[in-house]
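Beneath this line is the structure, given in structure tokens, with notes to follow.
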Amino acid sequence: MLWTFNIFFLFCNRIYEGYSFSIFGQQFEFLDNFRGTFRWHICFNFVVLRMISFGYDYHWSKLDSHFDQEKHVMRCSLCKLGKTCYVVRQERGLASDSCSFSLYLCYLVYAPLYLAGPIISFNAFASQLDMPQNTLSFKDVAWYGVRWLFSFLLIELMTHLFYYNAFVISGLWRELSPVEIFIVGYGVLNFMWLKFLLLWRYFRFWSLVNGIETVENMPNCINNCYSLELFWKTWHASFNRWLIRYMYIPLGGSRRKFLNVWVVFTFVAMWHDLEWKLLSWAWLTCLFFMPEMLLKSASSAYKVESAFGEFLLRELKALSGAVTITCLMIANLAGYVIGPSGINWMVSSFLKREGVPVLGGVFFSLYVGTKLMFHIQDLRSVAHSPK
């Protein structure tokens, strides 16, 4: 009932474009001329996620919790320092009698996170009203704001000096050579990443100033993701956690992962908008996810017993990483930039005589880039190891 109610109104809001006053009678039709520029039904998508979160968390508060806080504290570096991490706030839950309507309404329309998120679960939000976040100090929050200013200056520089979006919006990219098409596509994806980073970090900064901590969206640079799983964990990270908690696990989790991924990504596409290009993006992503999940299962079952075997496994992972990055670029360009018809044209241009060498060079550069990502990952694991 919870899902049916929310998805029904999610679709109705989009189909009727936020509704019009004339449906209540001709005498109210003149009010449609004063609707303003703000489209409330776009932001209502986030309200839908919050309503579902409240429904689940309220229901689970009446059941026995399976969260082992003592075991979590032993493994969590933040909790060992005497701080309260986001996971504890989310999983610990509230007593069902403390979930009032005013608290529910406050959660739905909380100003810093209302327009664009990041998405926060009801439990995590409500627990910070009584005890504000203590994981980040005043100095940390101030430095977070300064870093946001540097990112803003960077996107100003990009929009003044690099015209990736102009090529795409005008359709002039069809007149470019294959190598130029790749550069434009790669530039558009980097611009998209930086644009969303600015939006989400601005609202997260506002929330942190107010004492509410949320999950950080985009903790990794887009150029440091070599798998679909890693990409989704580090792009819209708060939405990814929401999907795992309220969709993926209730649907059966990893026991039905090959089926669940199609349900989850179809919902993600329809949640963004009712457009065929977004559905094509979702189903392309699912299609590319299948071999990655199979390879991951096979590699985890395979035990390396020699240095040569370890070298071979690392090279295969680098090759699969290059393929994954290529698939990610195709799926995101299809969903958000040039659409499915544009993808057909782009692929055909790369498969021509002058495009094949470019495709080979692109693939080799992505392979080398994936190897560099492995080295960065190794350095990070050494830096964060207990020794």
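Placement of Cβ uses the backbone N, Cα and C atoms for every residue, glycine included.
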Per TrEMBL, the range holding transmembrane segment, considering 1-16, 257-272: 257-272
Range annotated as transmembrane segment - as stated in TrEMBL, picked from 35-51, 358-374: 358-374
Sequence-remote partners of the transmembrane segment (146-169) [C-beta within less than 8 Å, at least six residues beyond its ends]: 176, 184, 187-188, 191, 194-195, 197-198, 201-202, 205, 337-338
Same-chain residue ranges lying at least 6 outside the transmembrane segment (257-272) that approach it to Cβ under 8 Å: 10-11, 45, 48-49, 239, 243, 247-248, 251, 278-279, 281-283, 285-286, 289-290, 293, 335
Spatial neighbours of the transmembrane segment (101-125) far in sequence, C-beta under 8 Å, 6+ residues away: 43, 46-47, 49-51, 53-54, 57-58, 86, 89-94, 199-200, 203-204, 206-207, 210, 212-217, 237-239, 241-242, 245
